[in-house]
């Protein structure tokens, strides 16, 4: 048995989109078959059925109503799938044989433009990447807004990952032969990004002509070939999926990576620039703290400003001056914001115009939006700052477009453009004439109903309409005896009524329906003409939309500054960051007002180059370091900052090594990840960079960690090509000695108050190093059991009391009732264990600090040998094992007992079956066997 004609057609279409789920239009449904059906039924929770297809087995099948497709498509695209839409290309009733079908669009994560899928304040970027030898180029487009950005640089994975982190594309288009290891790196860092591959020829084909045709600002001599290839490949993919040249993508914007503040992937995450660390949502991020925008366009623009802070003084100061002027004119600012609230998403509306998917209601939204532009232009004329003056000169009021839309479209048109009820009365004579005919016909129908009621005496008689039978007279069965003989022609019999027609009624029906059909056709034709006119003027509307979004951003920054008592920072060229009473812009918003403790900061490239911060955990070191970085970023986007005074030098890069890393989930150790991040910082930072380092060396032994931290400080301060502004938090108090030996190191600490054996974190950064870590007190605050706290204090007293001796013997805790004992030897000579064999200990060489500091090359780093401390654990019968550890081991059997006791206390015996009770008892008995 052969395949059915319909199934042959399906398989032919499917062959052209193997990587997509094919939505195959059959009547009023999109059907999916074979593997596509299995995937869709699982993802969309649809019933999987079957269909005879000419094979021995029925083809797996599931389907969705075509009018509800967007909901299902959105779910599949969100899960990373691509959808190919195969439509009927001819009227089934007029076709002979099988209906002609074809793919009209391929929907992918980076090209989906349905408003229910998109976040209004966030771009939906698709990215292309092209690699050629040691150079790479990247292009980013948002087809819903028309943005298209390109850049290139020397190829470094870190650079590419930084740009991906900045733009957060939903999809990346790559050349099909690119190394899988690079794709793996991307997927490891950004698991939610969809990867698509195209052939090399799609990047190369007809480059200059394609770019000239698409971009009205393209000059082939201004762009490197690799940039043009990247842009060409992305344009090919967009056209391949959309089956259309999108007129809203009409300008290519080239940017240089070095023209903006570089914030690498880890730093964006650690500083919580646009999303918080825990939930990966906007709340709790810098963007959340600064976003008071009133338009979707402004929300997206503010995100871009925060993702790409400026590094040139003039544009930064232009923004700052504009924000200052808004703060000095509160009344004008409020008027501006009030009009901004009435502006819809112009960029995405004209994007729908370009894709021919806009409806009349959206054009009314466009009309209302551009109707506010003349008022905004008038407000701008009252300002004096350069940025506002330039905006006032450049903004297009679009009055001709507003006039057309106001004259042509009804204020409340139909949602569908193919159902009529779109064009306003007086715009077109033929529309008015047909509407009158339609209206008169319906009046005639109403008068007919009244006349028939009166002449027959049937009060319940009514004239109705449906699409199957047209107009008809309906009389209930109870009144059929009142129907005059021969007055009506029977049309349909129902269970409780009869339906009739008359020749006059059918004649009027033809007039009414003919008028309605013609009216719908004419209204749709007029609508497409209006849409085409708007499409011809997309560039004008996009320019105005960008100005509105900039105004919205500036108003947002002014509002936040006013509400939170921010001040205007001074931008200097002295390589100095001076902040008086600085505050963390996010933390102060999530704690009661006025409770945040402000702190001063002074960092430069000379005497205060590396600020060494000591103090206990939870005291506020990380918050302090982050606030310095965030204040710097805020200043460089043109925002006022949370401080009493701020003198900020422009930074080219910000690096952080703070907190845990996502790479831990990929199987990399804490220490390895930390060292990789530190290595990246030391290789890429410059004298213009700001570096935040928190607890460098914590992931290994004390001596190794101290040595590495010491060496990193030396490298930063003594390397003449580096000397970056650095905040360095540490628990290694030995490092505080470096202030006396290395130029630029300054000791600071977090003040702590001790009251009746309790500590209070004052959150104040003061000069001088901390004299102790308060680790046990922090552990107590964290809720460690009191036996652990008491034992820790006991051990600490032994260590501190005997630290000058060569060996340290710590007696076992009586509370633990353990027969083990621990001997920690610090003797540098050979000793003998209980079996008489020699145990050798490496010696920790005494380091001459002065010698290290005087070494100008900084290539000789702190060298020390790790001291192996052998712990011998003995019991009464024999030596069980011998281990070499970095500290001492403690028997924690009591913790196991506590857990078992707690488990027994929590047993709900009344709600357990006898068998459940028996199993629980058996489980507890097994657990107690592990306890001596």
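Keep in mind that glycine also has a Cβ here, set from the backbone N, Cα and C atoms.
Sequence annotations record features per position, and here Swiss-Prot assigns ATP binding site to 615, 616, 617, 618, 619, 620, 621, 622 based on sequence analysis. According to DSSP, residue 615 (ATP binding site) sits in a coil region rather than a helix or strand.
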- Relative to the Cβ position of residue 618 (ATP binding site), how many further Cβ atoms are located within 10 Å? 16
- Just counting, how many other CB atoms are there within 10 A of the CB of residue 617 (ATP binding site)? 19
- Find, for the listed binding-site residues 615, 616, the residue with the lowest Cβ contact count at a 10 Å cut-off, counting only other Cβ atoms. 616
- All-chain count of other Cβ atoms within 10 Å of residue 619 (ATP binding site): 26
